[in-house]
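Visitor: Found this in TrEMBL, in case it helps:
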| type | residues | note |
| --- | --- | --- |
| ACT_SITE | Thr54 | active site, O-isoaspartyl threonine intermediate |
| ACT_SITE | Thr54 | active site |
| ACT_SITE | Thr154 | active site |
| BINDING | Ser123, Thr154, Asp155 | substrate binding site |
| DOMAIN | 45-255 | domain 'L-asparaginase N-terminal' |
| DOMAIN | 275-385 | domain 'Asparaginase/glutaminase C-terminal' |
| REPEAT | 575-599 | repeat 'ANK' |
Amino acid sequence: MSTNPSVDLLSPVSMRRSSSDVLLKHVTLLNAQTQKTLSKLTIPKVLVLYTGGTIGMKVLRNAYEPVTDYLPDALRDMNIMHNVQFAETMNVIDPDKSFLYLPLANEECIAYYIKEYVPLLDSTNMTYDNYIHIALDIKEVYNLFDGFVILHGTDTMSYTAAALSFMFENLSKPVVLTGSQIPIFETRSDGRDNLIGSLLLAGQYRIPEVTIYFRNRLYRGNRVTKTDCEGLNAFESYNCPTLAEFRTKIQVKWDIVFDRSSDGPFNVHTNLNRNVSLLRLFPGITYLTMRQFLEPPIQAVVLQTYGAGNLPSNRPDLIEELRKAAERDVLIVNCTQCAKGSVYYAYESATALQKMGVCSGSDMTIEAALMKLSYVLGKYSSDMKLMKVKMAESLRGEMSASLNKVVCPTINLTWILNTPIDQSDEESLQFRQSLLPWLVATCAQADDIATLQKIRQAQANINFNVLLPSGSMPLHVCAKHSALNCAELLLRLSADDQPIVNEPDQVGFTALFYAILQENEDMIDLLVGYGAKLTSTLKPSEIGMYLCNCVKNNQFNRLKAWHRASADLDQADYDGRTPLLLAVSYNSLECVRYLLENGKIDISWSDSRGMTPMQIAKQRGFDSIVQLLSAYANEQSK
Ligand code: ASP
């Protein structure tokens, strides 16, 4: 089957769509029969726009290249991707066999139609024209489908996802981008799972956002960065939790899904300003380099500063260049070079930027900041003030908080703590007492050690280790929020005869457990240094279960965190399964390597069917794991 249109669909849209251009007639995405079939289908319908990327590549001429006209037919031959019997029953409705039918557990199916772009692109070759093209294609058939999947190369997927998130206004349907690290035609491909997951999300869940689905996780598209070009977990979203996780069940975090569909009818904004650029500070940068970057035609710049938004305070030459550019109405957004965390103007050096009207990029990714600038400039270009307001607003969930929202005023601590109270006035005393836990919790959450110290000075006998209304104690709050300084203070202050380090919260977890969930090695070391022990609240088999879960979900860093907290890496779970058995079964190569290199592992331990890790790896053809296990066995026998 070929779905290739006869006209180059990746030609610039401005040409393809131009009504004045009589030579290039408007190309409709679906032919009349396909539209007829669509109108009769009563099962979920998903449009798959196949733009290229590794997922559909093959090794030709010694390198990976996209193969035209191949993927849809190949999918048709895979039972897990297409239910042939079901398709037979659809013959009357779908005589052209245009659709594929993804089998679901309940004998139902999701119908999906693949539109292959010509030429298929390595995503490194994609430009704004392609974003506009994809967006207009979706607009053209928006009402006919329940959701959309975009098959895309991973290299620039985060840029496309960010761009589309802004271009789609009032989106009410899911748009899921996916791809793979290994082509779908190869045995070990991650592409099949990624595509199946994306089809399920697009066909069955109303998550009206542009998202990226990869390796069992659904991310907000404008929060993601590609962080790994080898591992199968290619993406990270450091400043925003995943929107959904595929475990034995699909868990969608509905409370954080961003839904603006009720704001108005769906619309596509295609005017993206291309005069935006990215300037990353480095210690040897000269003012001339900076000047060149800020010169016309550049209209907006993402300035990647150090840490929490800092630039050197002893470089008036750089500040001067930025000031001149800002005066010329170059829109400058300050983003951090750190992958995690947010810009906040805490240091003198950053305040200079704020004063000259540089916008804070908060915790946006670079991809999101660039695409947002293109969108905001394209939409509100004549109004600098409005553009700045928009940059400070979270338009599509791309930043954690709107920067121009009214912020709850800070509590005047000194007033609360120092206002003399009539000691006989029970009510006032109680009022002040009852405020303290809130203050302590706020400090712990923000790692605000200065305020915590002030509270202590004002109230020397204060007991910080109270149960807060949330059911945690301040040390748990610190561990959950990686507040290292406050945690250290609390631990230091806790009386030796009343150590707090192993205290469980109301649901039975200790600070060490939360530090592991945060994968925060410094916090783990601190707590362990003060005597934290996993076994104080967890049974060995429970620890085994958590370890097994890590390897099952390929949470390599989490596994490392458990190890750092002294977990025995060979600990079996309730069912007698060891982390190694699970890591092998799930082909988690990274985890297998880590377990063998760091644990005292008994590789002869077998599962309930009597299979050892080596037997499982050989049976499944996991050659790299077989090699690792053999090397380990050889080492042991020496
Ligand atoms: N270079 C490829 C691309 O981005 C990589 C991939 O698909 O994973 O198209």
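Just so you know, glycine gets a Cβ as well, placed from its N, Cα and C.
Can you tell me where each of these features sits in this structure?
Guide: Long-range Cβ neighbours of Thr54 (active site, O-isoaspartyl threonine intermediate) (same chain, at least 6 residues apart, Cβ-Cβ under 8 Å): Tyr64, Gly153, Thr154, Gly179, Ser180, Gln181, Ile182, Pro183, Gly191.
Classification of Thr54 (active site, O-isoaspartyl threonine intermediate) by DSSP places it within a helix.
Within the same chain, the residues at least 6 positions away from Asp155 (substrate binding site) whose Cβ sits under 8 Å from its Cβ are Asp122, Ser123, Thr124, Lys226, Cys229, listed in sequence order.
The average pLDDT computed for the domain 'Asparaginase/glutaminase C-terminal' (275-385) is 91.
The list of residues near the repeat 'ANK' (575-599) in space but at least 6 beyond its ends in sequence, with Cβ under 8 angstroms from a Cβ of it, reads 188, 231, 544, 547-548, 550-552, 554, 556, 559-560, 563, 568-569, 605-608, 613, 616-617, 620, 622, 624-625, 628-629, 632.
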Visitor: Quick one: DSSP breakdown of the domain 'Asparaginase/glutaminase C-terminal' (275-385) into helix, strand and coil?
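Guide: Split into helix, strand and coil, the domain 'Asparaginase/glutaminase C-terminal' (275-385) gives 45 helix, 21 strand, 45 coil.
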Visitor: Is it possible to get the count of other C-beta atoms within 10 angstroms of the C-beta of Ser123 (substrate binding site)?
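Guide: If we count other Cβ atoms within 10 Å of Ser123 (substrate binding site), we arrive at 21.
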Visitor: Centre the Cβ atoms of Ser123, Thr154, Asp155, go out 8 Å, and tell me which other residues of that chain have a Cβ in range of the substrate site.
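Guide: The answer, listed by sequence position, is Gly53, Thr54, Asp122, Thr124, His152, Gly153, Thr156, Met157, Gly179, Lys226.
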Visitor: Could you break down the residues of the repeat 'ANK' (575-599) into DSSP helix, strand and coil, giving a count for each?
Guide: 17 helix, 0 strand, 8 coil
Visitor: Among Ser123, Thr154, Asp155, listed as contacts of substrate, what is the widest Cα spread in Å, to the nearest whole number?
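Guide: Max Cα-Cα spread across the substrate binders: 7 Å.
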